[in-house]
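To keep things clear, I will list the structure first and then write my remarks on it.
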Amino acid sequence: MTDVEREAIVCDVDHDESELNRFSDNASIVHQLLDHINGNEKSFERRGFSERFLRWRRRYLPAGGGNRRDHSSVKQSGPLVSGAAYCISSCSMIIMNKIVLSSYNFNAGVSLMLYQNLISCLVVALLKFSGVVSVEKFNWKLIRVWMPVNVIFVGMLISGMYSLKYINVAMVTILKNATNIITAIGELYMFRKRQNNKVWAAMFMMIISAISGGITDLTFNVVGYTWQTANCVLTASYSLTLRRVMDKAKQSTKSGSLNEVSMVLLNNLLSLPFGIILVILLGEWRYVISTDVTQDAMFWVAATASGFLGLAISFTSMWFLHQTGPTTYSLVGSLNKLPISLSGLVLFNVPLSLPNLFSILFGLFAGVVFARAKMS
């Protein structure tokens, strides 16, 4: 029986299903029938045995005792579970960093970055040796190619730490929209990639929301906004540079490929010497040793949790992207800014004016419009 014929039978399955369901009342009869049919399916068909029953069996009672409907429900829940994991880890990471830097008044952002990256390296190495993930073997050629990307990566993390220390979570989220604008301009000049009018309109809305948000921000801090501006430039530069060197980086590996887990390990591993040098040059090591906050066990719990959450974002984003696609991933990432902003306002009791709240909501709306415009 051909596949076309099998598919034609589907139309008649529902009509006969009530009659066939009586077999399930007696499990032993069903299993005997299945065992007999598994070995003699062709002979059943030759004797005129109901092809509809065969089709029903394959659809609802597959060999091996599994239930295809259960498998289908698990498959359908994959995007929902992975999306929820991505949103929770992303939101928790920003909130946890804010707690460590602001609530504990920890003034060593480079040291926190170094600690988080060390945790990421250890966890990925453990997963690799356990056989859970596969990682490319690194060589000096790959390291030389990747070094510019990593320098920008370190600057991006450090600037993000310090901006979050001085600015409330909602405004950081809105100001990050400027990264999309810088990236779009960079793509235009570096890759000759032109955006449609809807994208430029959305980016104009982002600019308006960022300016109005800064003007109406009751907790405006020049240092924080300067760090956030640097973070937007570095984040866009990281994205553009990564795209530029990716092909060359893949050619530098033995397998000719570089998966996401390898990139996570490579970035975090190469950032360790940079972090150590900066901690020494900036004198943060003296502060970390002498400050009272490092004597608080709960501080280390929060700092360690932020390290694990940083790694969780890497894995959950890859998982969610695999379960859905770039379009859904981009849209959910934009929508995820809403709970992050609201939770930041509530948890940290941020002084808020009505114009500033409107600017934040307008910025979130602009982010969603931007994601939708990129899809078109």
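Even glycines carry a Cβ here, placed using N, Cα and C.
Quick look at what TrEMBL annotates:
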{"type": "DOMAIN", "residues": "86-360", "note": "domain 'Sugar phosphate transporter'"}
{"type": "TRANSMEM", "residues": "113-133", "note": "transmembrane segment"}
{"type": "TRANSMEM", "residues": "145-164", "note": "transmembrane segment"}
{"type": "TRANSMEM", "residues": "198-216", "note": "transmembrane segment"}
{"type": "TRANSMEM", "residues": "263-285", "note": "transmembrane segment"}
{"type": "TRANSMEM", "residues": "297-321", "note": "transmembrane segment"}
{"type": "TRANSMEM", "residues": "354-373", "note": "transmembrane segment"}
Contact set, same chain, for the transmembrane segment (263-285): CB under 8 Å, 6 or more residues outside the stretch: 108, 110-111, 113-114, 117-118, 120-121, 124-125, 128, 135, 138, 142-143, 146-147, 149-151, 153-154, 157-158, 311, 314
Beyond the flanks of the transmembrane segment (145-164) by 6 or more, those residues with Cβ under 8 Å of it: 94, 97-98, 101-102, 109-110, 112-113, 117, 172, 175, 223-225, 227-228, 230-231, 234-235, 237-238, 241-242, 245, 248-249, 252, 266-267, 270-271, 274-275, 278
PLDDT averaged over the residues of the domain 'Sugar phosphate transporter' (86-360): 88
